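Taken from Swiss-Prot, the feature active site, nucleophile applies to Cys85. According to Swiss-Prot, the feature active site maps to His202, Glu204, an assignment based on sequence analysis. Residues or ranges marked as domain 'Glutamine amidotransferase type-1' by Swiss-Prot: 2-230.
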Amino acid sequence: MKIAVTKFLGTNCDLDVCHAVKLAGGEPELVFFTQENLDSYKGAVIPGGFSYGDYLRAGAISARTPIIKGLKKMVEEGKPVLGICNGAQIGLEAGFSKGTLTNNLNAKFICKWVYIRVENNKTPFTQYYKKGEVLKIPIAHAEGRFYADDETLDYMYKNNMIVFKYCDETGEVTEEANPNGSIDNIAGVCNENQNCVLLMPHPERASEKILGSDDGLKMFKGMIDYAKRI
């Protein structure tokens with residue numbers, strides 16, 4: 001089960017993602033941003049990092065490289081595509097979902113463990129979680145604050161495009177549990193067809209208990225199992 005793991009200039013979480021994909025039973029393969037054709041892959045993960053130094057804004061340059069055409073085709077064909085941190089920024093810049101990611105409210109880089117609540121368990125990546133389940137996953141970003149205008153946000157709620165929200169350990173969505181000022185505590189979103197998920201927390205860094213949590217591993221297992229069925 002070949003899964004493309006994208007590699008841009010400045011990507012630094014690719015090997016961690018490859019490890020998580022292997023743990024989930026997949027066969028990860030690093031694919032550079034110059035490659036446009038991804039037809040031989042059953043899914044893709046866009047890992048985190050600081051592609052192109054986050055110049056202009058995070059993900060803006062990467063979203064204009066050749067591989068985006070192949071990723072868009074994957075999304076349109078219903079293949080599972082996961083964007084993590086910088087990968088989520090790239091995915092939103094490329095138009096894979098609605099909304100945008102901008103500077104954290106405190107204007108600082110934030111690196112810590114957080115809790116997120118599953119709002120939508122109908123995606124390939126969340127199929128093995130219960131709706132309302134609380135996951136312990138770390139974040140590491142400076143431009144992770146999700147924003148969408150009222151009209152866009154209403155559209156996203158109506159189409160079940162909100163996948164994760166920041167919460168406390170008990171699952172309560174509070175202002176104190178929001179690390180970056182994201183509107184409605186939103187930590188992850190998806191497209192209308194539910195096969196592309198973009199989130200700021202790093203599930204690959206929570207894929208083994210020795211890391212402090214293995215709550216993120218089910219995202220990769222869900223992806224692999226979904227890819228086997230399509």
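Note that Cβ sites are derived from N, Cα and C of the backbone, with glycine treated the same way.
Feature map: annotations from Swiss-Prot on the structure.
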| residue | record | CB count, 10 Å |
| --- | --- | --- |
| Cys85 | active site, nucleophile | 28 |
| His202 | active site | 24 |
| Glu204 | active site | 29 |
Reported mean pLDDT - the domain 'Glutamine amidotransferase type-1' (2-230): 97
Spatial separation of His202 (active site) from the residue listed as 'active site, nucleophile' - C-alpha basis, Å: 7
Glu204 (active site): secondary structure state under DSSP, collapsed to three categories: helix
